Amino acid sequence: MVLEIVPNLVNNLWVVVAALLVFIMTIAVGFLEIGELGKHYSRALVKTIIITVSAIFIMAIIGFNTAFAPTVYGVIGNPFYGPGLLLGEFSSNAQGLLTGVWWSMGPKYFNTGLATGSYFLFEAAFASVTFALVSVIVLKKVKMKALALFSIAYFILIWNLPAAWIWNPTGWLYLMGMRDFAGGLVVHAAAGAAGLAIVLEIWLEEKKRGFKQSPKVGIKLNKSWLALGILLLWMGWFGFNPGSVLAFNSSALTVVLTTFLAASSAAVSTMGFKWLKDRAKPDIAYGVNGILMGLIIITPLAGFVSPGSAIVLGLIGGPLFLAAERYFSKAKGFTDPVGLFPGHLVGGIFGVLMIAFFTQHSFAAASGNGILPNGLLFGGGLSALHQLGIEAFGIIVVFAAVFLLSFAFIWLIAKCIGGITDSAYYKEIKSAKAGHRN
Amino acid sequence: MVLEIVPNLVNNLWVVVAALLVFIMTIAVGFLEIGELGKHYSRALVKTIIITVSAIFIMAIIGFNTAFAPTVYGVIGNPFYGPGLLLGEFSSNAQGLLTGVWWSMGPKYFNTGLATGSYFLFEAAFASVTFALVSVIVLKKVKMKALALFSIAYFILIWNLPAAWIWNPTGWLYLMGMRDFAGGLVVHAAAGAAGLAIVLEIWLEEKKRGFKQSPKVGIKLNKSWLALGILLLWMGWFGFNPGSVLAFNSSALTVVLTTFLAASSAAVSTMGFKWLKDRAKPDIAYGVNGILMGLIIITPLAGFVSPGSAIVLGLIGGPLFLAAERYFSKAKGFTDPVGLFPGHLVGGIFGVLMIAFFTQHSFAAASGNGILPNGLLFGGGLSALHQLGIEAFGIIVVFAAVFLLSFAFIWLIAKCIGGITDSAYYKEIKSAKAGHRN
Amino acid sequence: MVLEIVPNLVNNLWVVVAALLVFIMTIAVGFLEIGELGKHYSRALVKTIIITVSAIFIMAIIGFNTAFAPTVYGVIGNPFYGPGLLLGEFSSNAQGLLTGVWWSMGPKYFNTGLATGSYFLFEAAFASVTFALVSVIVLKKVKMKALALFSIAYFILIWNLPAAWIWNPTGWLYLMGMRDFAGGLVVHAAAGAAGLAIVLEIWLEEKKRGFKQSPKVGIKLNKSWLALGILLLWMGWFGFNPGSVLAFNSSALTVVLTTFLAASSAAVSTMGFKWLKDRAKPDIAYGVNGILMGLIIITPLAGFVSPGSAIVLGLIGGPLFLAAERYFSKAKGFTDPVGLFPGHLVGGIFGVLMIAFFTQHSFAAASGNGILPNGLLFGGGLSALHQLGIEAFGIIVVFAAVFLLSFAFIWLIAKCIGGITDSAYYKEIKSAKAGHRN
């Protein structure tokens, strides 16, 4: 006798609505970009639309499998796993579509009863927004064709490996005990690592073009689109973090809280510290960056901590962002006006490390991560130190893997299409030498 | 003993949230219009706001009944059916408000346990967005008064008849076996037919004004609003198609998938074929039109097909749109910059016909349409051919009815108010002869 | 033996999604402001972002308690109530987070099984949007610092007292029988009262600056942002009113209906009466104000009335708004371009009074307010008159309390920081005397 596994209605409802909210975020990143760089940078919009459709398209064909199918030796999901390949192709009996749930959502693993449809859409939206974050670094400098080619590798392999390692219940880092709730590492820091690989290639090409410093791109606020961008991103994070419980229960409600509290307190803290430092009036750019920093920091541990900790983490986010922004703004080799590195890279890594400090076992257990011990600040002692080691190890491995893979692919693409940078842009820059650089 | 029929909570939650998403779409069409025609065409915004409020207002008074009340001989819903007339007026015992479910949602028919509130809002939002699609054809040419008068007929009769025939379980086409999942015909192709009636009247009046060709209105992209428009429309379609299951179950999750896959693959295909044909770089206009084409095509059969088929249908959408756009752009008698005819009319009809090719019985049964046989591509044979005949017959009947009714009403309105076209616009056009035409 | 109280999943899902929608509204008010005053008034955006984050931050620390914790003598919520103070701080056993429900949502009181997380987010979003409404009155005239300081008092005391009195089941007005469904008084009229206190202080300072009339700020439509603003606000109201049932049931579905019907019919009525009066073509400003007026009026009784009554109330809203707008526009002592007083103050008070006219007991009982008798129009007779007295008494008490508290705090702030008005603005005004005033 075979017991049929039935999808859990409320969990699916929660996750599929969360998926819709995360889906919004990619184009919201486009609005954030024109909000910070001005409407003349409308390229951000076609870019984020293309990213949205390619993410769904490529993930549906094969990328969902490489990340979330049963893994081959814990390293990569089986690309040919039937129910995930083209999402079951034309089969109406495909597991999880009409008759069951995705394998890892069954009772043997996460036991949340999610159908393939909900889980796929949720994760495809995650892949999409991760790449949108990477792409804030290309500005007008990189050819669209290069980005398009890179996106294929990105959605089949670069995004998928860390996901397979950490979020797949048969992944090697997951089995080692590494946890990253909603992607401080898998999304934010990994986006930063891929971004670094791209700016390295840009810089190598810029040096060949005779630049001694990477041309800087300045901020040019378009406040309405910036406000809309952050509103949509914050709404998206309501799906991003609380949806990552992959179920609707008390833990999901707690994650809503920790997410919103960290965002608010980080915004208060960023504007406050900016004022303390420079007597700068609260302005929209620091408000927005503060909200983002809070959301990024809480992402990897939103399901593991108490509301009180979320507020503390948010408050730390302000000075951390200001310091990181100051540090990265001095870089000669790249320009990062939208803040990929001080925000997503630094905030993501910081948040993952904080797992070993702020986790409270009862919260972690409620979100399905009962393996996590209390953090150092909650009496975790040696177990917490051990967890800190695992998290740090995971950060190093994933950062290195994503950076190297990304650089290898972007370098290869550069070889094939004669460089990834766009000559038109640099001509424009040079001819405008006397005038403004933008 | 009377058994009380209790609303199904999760189904109502799903459909009322879907209704909210569909509700967004009408104003989103306004953003799409200013996105394609430029901000000077701000008239689109007041137009879509007025459409939104009139749709809800008129449907609440009587239009919900003419479409969804028990029909008179299968032709039209009983306008005086108590629970629908003014939504039960002042009665607190109205069926479906506090004590039960809308008649067709009870066990005798669709058996989804929807309350009047959810179902009304969902369908009023459908009527609203359908008329918003029709209205993209009026541009600056038509008097607002003409459109307002037409909307009354539209929300009482023109939209409602096809809905009563195909979506009402006592409608004559429904009983004949015609199916149209979420409105490839009832919404998109019908909007096209009504639009054709309006452009015919416009053209007749333009000829009287001495024009030998209908003044063309050019595209003038406003990329941020275009991006916002398509984002909101796509979000809306998450309600439009998956909500059309009228229940939350495995089928609804599959419909989320087929909808998103068709949109993505059609966008990839449209931009890809445009590049193959003209070596045109991917741009936002073709990205947006591709997404829309995929969404339109999948609409009539989103609940009947597998994810694999959705991708195939999306991929066909690209060249189909490009060919149709080329064909309609040559028309002398009208101008259709936003693409009502190549998109909604052609895409809608194509999708309905594809029911007879791509349907898989098990998917159709899961969405409550067990009467549908497998399509021709899935071994449906003669049954599929029979279904093809029914669908084609339905298309012809609905197209003819909507076109004739629309023309009759718009002609009558023209008689009453001295023409539907706005002299101010044509003076402006003529005086700008030497300059740009817009 | 202790029976554990388990959160109700569907109710929490409904309210937390509603909370997300209400959360959107604060920034949507910013879009509405730039929609009515023009893009140069981008200050509205940073203002509404700051309001959003401070509301969540301050409510999390203490404001949720002062409004919703068990009250001290019915007057104010106990600020030190454990589960609400910092939302349970670092405790993982905090009531309502992982193990239970907020006290007033348990079986002894409202019995909806809401967890602290959902309820907090919902109410923090309410506080936020209320203050956003207050803040439409500051324009460029008031220093941001003054507003920031005022917000602290606002989120700890001024917003919280009326909420504690009317929405807290141990509040003195609640116990007296006062009802205000979703905040016609607690939100809209109270925002108007606080706004009046601020304009009084502005006017006192303007007189000192030598003005004989408060400088008027004119309307300068930015139609796209206005359309987006009203779309987001209407979406938000889907959470605001239907979420205020604090449960998902037939009543919540009815509230969706009454809310949408009142909005639509008030918009139709406002544009219609404007046309009757001035032969003015329907325009976006009156469309938007009509929608808002309908939404405001229905807010205090959306859960008590039938769909028919909602339409009637909406239809009354049109002429009421037009008359109030005319009245307030003549004021010498303030300028109110966005319409805080004719809309929120007048509409809110009117709606609360209408409780005694339009309530139908069965609807009120279904939304958990079984204490309410039928209204005067539904045979309520003496009981309805008694209710009218209670509602009027509540209006007077809350209006007086909010006005006096607000004036006291704003006056104190003015003393501390040398006036709340911004000299830069008035210099600008004076130097532009010959030119336009804006």
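These residue numbers are counts, starting from 1, taken along the chain as shown.
Note: Cβ is positioned from N, Cα and C throughout, glycine not excepted.
Those TrEMBL annotations? Automatic predictions, nothing curated.
Annotation source TrEMBL lists domain 'Ammonium transporter AmtB-like' at C:13-418.
According to TrEMBL, the transmembrane segment annotation covers C:12-32 (among others).
Taken from TrEMBL, the feature transmembrane segment applies to C:44-64 (among others).
According to TrEMBL, the transmembrane segment annotation covers C:119-139 (among others). Distant neighbours of the transmembrane segment (C:119-139): 15-16, 18-20, 22-23, 25-26, 29-30, 32-33, 37, 41, 47-48, 51-52, 55-56, 59-60, 63-64, 67-68, 84, 87, 96, 102, 105, 147, 151, 154-155, 159-160, 163, 183, 186-188, 190-191, 194-195, 198-199, 217, 236, 239-240, 243, 246, 334-338, 340, 344; these residues of the same chain sit at least 6 beyond its ends, with a Cβ under 8 Å from one of its Cβ atoms.
Residues annotated as transmembrane segment in TrEMBL: C:146-165 (among others). Through the fold, the transmembrane segment (C:146-165) approaches residues 47, 50-51, 54-55, 58-59, 62-63, 66-68, 71, 74-77, 123, 126-127, 130-131, 134-135, 138, 171-174, 178, 185-186, 190, 194, 198, 394, 397-398, 401-402, 405-406, 409-410, 413-414, 416-417, 420 of its own chain, all at least 6 residues removed from its boundaries and within a Cβ separation under 8 Å.
As annotated by TrEMBL, transmembrane segment applies to C:185-204 (among others).
Residues annotated as transmembrane segment in TrEMBL: C:224-240 (among others).
Summarising the annotation, TrEMBL assigns transmembrane segment to C:252-272 (among others).
Residues or ranges marked as transmembrane segment by TrEMBL: C:284-304 (among others). With a cut-off of 8 Å between Cβ atoms, the residues of this chain six or more beyond the transmembrane segment (C:284-304) that come close are 32, 35-36, 179-185, 187-188, 219, 221, 223, 226-227, 229-230, 233-234, 237, 240-242, 244-245, 251, 254-255, 258-259, 262-271, 274, 310, 313-314, 316-318, 320-321, 325, 339, 343-344, 347-348, 350-352, 354-355, 358-360, 363-364, 366-369, 372.
Non-local neighbours of the transmembrane segment (C:310-328) in the same chain are 257-259, 261-274, 277, 289-290, 293-294, 296-298, 301-302, 336, 339, 341-343, 346-347, 350-351, 354, 358; each lies 6+ residues outside the stretch with a CB under 8 Å from one of its CB atoms. Per TrEMBL, transmembrane segment is recorded for C:310-328 (among others).
Taken from TrEMBL, the feature transmembrane segment covers C:340-358 (among others).
Look at TrEMBL and you will find C:364-385 (among others) tagged as transmembrane segment.
Per TrEMBL, transmembrane segment is recorded for C:392-414 (among others).
Taken together, the residues in the domain 'Ammonium transporter AmtB-like' (C:13-418) have a mean pLDDT of 94 on the 0 to 100 scale. Long-range contacts of the transmembrane segment (C:44-64) within the same chain: residues 23, 26-27, 29-31, 33-34, 37, 79, 84-87, 120, 123-125, 127-128, 131-132, 135, 138, 144, 147-148, 151-152, 155-156, 159-160, each at least 6 residues beyond the stretch ends and with a Cβ under 8 Å from a Cβ of the stretch.
Contact between the transmembrane segment (C:185-204) and the transmembrane segment (C:364-385) is not supported: fewer than 3 Cβ pairs lie under 8 Å, counting only residues 6 or more apart in sequence.
Within its own chain, the transmembrane segment (C:340-358) is flanked in space by residues 133-134, 136-137, 179-180, 183-185, 187-193, 195-196, 289, 292-293, 296-301, 304-305, 309, 312-313, 317, 320-321, 324-325, 327-328, 372, 375-378, 380, 384-385, 387-388, 391-392, 394-395, 399, which lie at least six positions past its ends and keep a Cβ under 8 Å from the stretch. When each of the listed stretches C:12-32, C:252-272, C:392-414 is scored by C-beta pairs under 8 angstroms to the transmembrane segment (C:224-240), C:12-32 comes out highest.
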